[in-house]
Amino acid sequence: MWARDKCSVPQLEMDSRYTSATGIGDLNQLSAAIPATRVEVSVSCRNLLDRDTFSKSDPICVLYTQAVGNKEWREFGRTEVIDNTLNPDFVRKFILDYFFEERENLRFDLYDVDSKSPNLSKHDFLGQVFCTLGEIVGSQGSRLEKPIVGIPGRKCGTIILTAEELNCCRDAVLMQFCANKLDKKDFFGKSDPFLVFYRSNEDGSFTICHKTEVVKNTLNPVWQAFKISVRALCNGDYDRTIKVEVYDWDRDGSHDFIGEFTTSYRELARGQSQFNVYEVVNPKKKGKKKKYTNSGTVTLLSFLVETEVSFLDYIKGGTQINFTVAIDFTASNGNPAQPTSLHYMNPYQLNAYGMALKAVGEIVQDYDSDKMFPALGFGAKLPPDGRISHEFALNGNPQNPYCDGIEGVMEAYYRSLKSVQLYGPTNFAPVINHVARYASSVKDGSQYFVLLIVTDGVISDMAQTKESIVNASKLPMSIIIVGVGPAEFDAMVELDGDDVRVSSRGKYAERDIVQFVPFRDYIDRSGNHILSMARLAKDVLAEIPEQFLSYMRARGIKPSPAPPPYTPPTHVLQTQI
């Protein structure tokens, strides 16, 4: 590092000097690359089985996890042993990565420790509990109580699991950089420099995490300040290497490499000082030229840490996610009695509609306390008079379209297939407006609505659907569209406002609330449907937390205070194995 060069800091204006940099990585994928937040899971038990003759049990808790699409359980970690108690409050916590969009299966096994052997078969089994991380997080106050099971005919007590988001995962930093005397790369002018930031991974590879704007025609650029989460920058590891590459922007995308330097969060946190002036080095030049020193310097101008309100703060404060499904019953799906139909009920495996419902629903249900889900259909003729409907209850009860859990939704779907006649057209607006009516009545942040539409075809009411989406973008709701079958889904891509915000009659959507994916992109070639469903859920749900937060921020809604944390009585002696 070099003694600080002075950077003049002009008033930044949004003019022709600034251009977005493209071609180095795909910034649309940055959000997907950001690691999960991390939560600390605490374990307590009450009324464990007493396996010791002359004293109480000496319990330990062992956590097992399952990889996505894999049935094998792997040991994740163990608590300490607490001597002589049936009501342990374990001190050692389990720290887990948390993804809203993934089903993270957990198994907690309890043992009475009888010796110092680490082999669990040498100790008495006290029972076990199965749950998901989403279940713990989604419970009131992120505190889940479940009965311990596993020993037939015996009451094994209760486990109490609490989840707390780690503070380092909630921080974001606002940083600004400038550079001095960068190499001139353009023949007829000065360089057009921009910075690309990468965080290092545990395997030594690097993942792009931020790209600055381009400052045109200067060797002494001052970039605009930018905000990035600590998770994205270094995954919460303050000593992890951060690599910064400096490029000269070219219109054709073949940006010229100027040089690079490395730093870490801990170094950057020192702020503006001689420690945060970096030599920009081009390794090729350094290897070829003996007199080469550097290709300029980059200086940190400011570094400010902010603690942000997170998705989990709202969930812990009691916000409920209300999940509604809407299924396409148009004739283009094919006769449900024929194996070629997308609605065919194969007794041995789920059809594409069933897989989409189950994949998304099984994750979202963890955030809904009553587990009652409205299930709607559209595009069918209904008995007894053949009336065409684009908003009918799958359970046949328009006054109460709620189904009990995802299994209840599946049952209502299968029953509907036997009673309605597939027809058309493919109209989305009625089901979007149905959910919007409920969402419009909730203005305090206590509920957020997610609508899953599963469809096979080309949308018929595009203008009305766009208008419905623009109106819904002001409400606490998100829309997931899963396209099944071989159709072209160009119109659906238009509704997914990642590139161009949806508009209707000159009005643009207030925020992007639609996520579309074609199911065929997720079918596992080996026939592993569990893996197909996990991949689908991961992609369609990944944007929900940010869409949720964008609504809450825009409305200035703060999370409700979480219920007081459970404070166990202090007691007992602790040992470890």
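From the backbone N, Cα and C atoms, a Cβ is placed for every residue, glycine too.
The domain 'C2 2' feature in Swiss-Prot is assigned to 155-278; the stated evidence is sequence analysis. Sequence annotations record features per position, and here Swiss-Prot assigns Ca(2+) 5 binding site to Asp186, Asp248, Asp250, Asp256 based on sequence analysis. Here Swiss-Prot flags Asp186, Asp192, Asp248, Asp250 as Ca(2+) 4 binding site. The phosphoserine annotation in Swiss-Prot covers Ser273.
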Between Ser273 (phosphoserine) and Asp248 (Ca(2+) 5 binding site): CA-CA distance (Å): 26
Counts by DSSP class (helix H/G/I, strand E/B, coil) across the domain 'C2 2' (155-278): 16 helix, 58 strand, 50 coil
Mean per-residue pLDDT computed across the domain 'C2 2' (155-278): 90
Winner by Cβ contact number (other Cβ atoms within 10 Å) across the binding-site residues Asp192, Asp248, Asp256: Asp192
Number of Cβ atoms other than its own within 10 Å, given for the residue listed as 'phosphoserine': 12
